[in-house]
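What Swiss-Prot records for 8, 10, 34, 55, 83, 98 is S-adenosyl-L-methionine binding site, and it gives sequence analysis as the kind of evidence.
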């Protein structure tokens, strides 16, 4: 397996230190995704973390194994070779990673499903902007709704292309994410996730149109009941115009 084509390695030690110092990680189990040459790995180990690093590239795994042989031997570092979106992960508490841009979305969804205490993750700035898009605005999408339903997200700082090798064509953003209970009760998480995905897959359609298309998933009788009971303003809206409470309302009616 080779490294992701869009993987850009951090090279600025001052920025690495700044990232590693955001949280107190001494004695904590930290998951690192895409360690590359190990510059962030080293900083995490120096701060007393027990690190689990997942790397796709077998050549990089071999280099990391040589560089951190003593840390692997004493159990402070575990290396896993594979795709972080798919590979089985041992228990961890905190996530710190310079994510390859191409897996930003699937790994974020996976981490939210698994659960963690806090995550410091680096994204393409445009992706981070979409994560932070407010419900009810045009830039809002599946990513922003799911993230803001199940987590708090804060922007730490932006990074210039020169902080990486090779330099990307865009700026990057470091985000601090902490899971939380939904602001509005959700009776069935899977139904909520399915609903949000289906609504934004058909984002140019109204809620009513999409619900009727989901009769095969939920049953015509259930869909007819939900359409009958929902606020007409919600039914006539497109998904980007909805708020978190609206998604919860629709989902809970589908699961009742």
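First residue shown is number 1, and so on along the chain.
Using N, Cα and C of the backbone, Cβ positions are placed for all residues, glycine too.
By a simple count of nearby Cβ atoms, those within 10 Å, the most crowded of the binding-site residues 55, 83 is 55. Sequence-distant contacts of residue 8 (S-adenosyl-L-methionine binding site), defined by Cβ-Cβ distance under 8 angstroms and a gap of at least six in the same chain, are 98, 164, 165, 166, 167, 168, 172.
Its Cβ taken as reference, residue 34 (S-adenosyl-L-methionine binding site) is surrounded by 24 other Cβ atoms within 10 Å in the chains shown. Within the same chain, residues at least 6 positions away in sequence whose Cβ sits under 8 Å from that of residue 10 (S-adenosyl-L-methionine binding site) are 16, 36, 39, 40, 98, 163, 164. Summarising the S-adenosyl-L-methionine site geometry, the residues cited as binding it (8, 10, 34, 55, 83, 98) extend over a maximum Cα to Cα distance of 20 Å.
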